[in-house]
């Protein structure tokens, strides 16, 4: 698009014309610099959602957001495990527990997240209750990763310019592309990702962005609507490896995992969810353990790259995840993370 104005971009979207990555990067720059009005931000977000986002459009927006972010460099191969949220299922913190397990199994995890938006207890909320200092400055967050192979990037500290979109997003009160950019804008730019997405239409789009970046990833959605691999039914999985995307459906029964009920995975307030984390790390069997190990296995598979059979890869990684819990390594990992983050905070 030769002339970039809000009028031209929004008109194109309303006509059903897809924008280029440069167009949407320009739009995000206008938003993140505080130059866009609330009406322009809202109009753009709704027009894009109504047309349906493309890979190029989302890639441009994510790049524009990263251009305005506080980024960090964590040495070595890194992994993010996160869900977009928005499924309104109010489950326990599956991806948070899976992150701890994956790190205990040998991955270096850089988790990027925020407080609860659509649930009662977000990643930041439960980690804080467990004793992790969630708002370390970037240098200390990197140091914690180097020391214990897991760290947390509290989104508001790394994406301060996102405040300019807060009011129109809040007033719209419907999902837009902003709800899906978090997993694509981890400030550490991890080399692998395991991403749960509540909107099926966005799964392939987000997988396409990872493919264009050359990042190994698993993007998935429970066929019950969860933004994680579910154990209540099958899940849809988009496998990103070597710059290409392929789709598979996963049935946890093929791994010997019994069907769970939605109620068995439901969480509560921060006290309840923190207790669930502790019980899981202490080795409590049941549906929560099954779901967490499955998602940890997916994360470990993403970190290594899935080039062959998904089910066989997950089978091996599931055993690896189970061993990390049963040996006490996962519980020790959380304790080490708490200790390292608190030590850094005391130095401030």
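Including glycine, each Cβ sits where the backbone N, Cα and C put it.
Features as listed in Swiss-Prot:
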BINDING   83, 114  anthranilate 1 binding site
BINDING   83, 86-87, 91, 93-96, 111-119, 123  5-phospho-alpha-D-ribose 1-diphosphate binding site
BINDING   95, 228  Mg(2+) 1 binding site
BINDING   169  anthranilate 2 binding site
BINDING   227, 228  Mg(2+) 2 binding site
Candidates 95, 112, 115, 169, namely the binding-site residues, that fall within 10 Å of residue 228 (Mg(2+) 1 binding site) by Cα distance: 95
Local Cβ density at residue 227 (Mg(2+) 2 binding site) - other Cβ atoms counted within 10 Å: 27
Among 112, 115, 169, which are binding-site residues, the residue with the most C-beta atoms within 10 angstroms of its C-beta: 112
Cα-Cα distance linking residue 227 (Mg(2+) 2 binding site) and residue 114 (anthranilate 1 binding site), given in Å to the nearest integer: 16
Residue 112 (5-phospho-alpha-D-ribose 1-diphosphate binding site): secondary structure state under DSSP, collapsed to three categories: strand
Inter-residue Cα distance where the pair is residue 169 (anthranilate 2 binding site) and residue 95 (5-phospho-alpha-D-ribose 1-diphosphate binding site), in Å: 25
Three-state secondary structure, which DSSP defines for residue 169 (anthranilate 2 binding site): helix
Fewest other C-beta atoms within 10 angstroms, as judged across 91, 95, 114, which are the binding-site residues: 114
Under 8 Å by Cβ from residue 83 (anthranilate 1 binding site), same chain, sequence gap 6 or more: 94, 95, 183, 195, 196, 197, 198, 227, 228
DSSP state at residue 228 (Mg(2+) 1 binding site), helix/strand/coil: coil
DSSP state at residue 91 (5-phospho-alpha-D-ribose 1-diphosphate binding site), helix/strand/coil: strand
Number of Cβ atoms other than its own within 10 Å, given for residue 228 (Mg(2+) 1 binding site): 30
Residue 169 (anthranilate 2 binding site) and residue 91 (5-phospho-alpha-D-ribose 1-diphosphate binding site), distance between Cα atoms, whole Å: 24
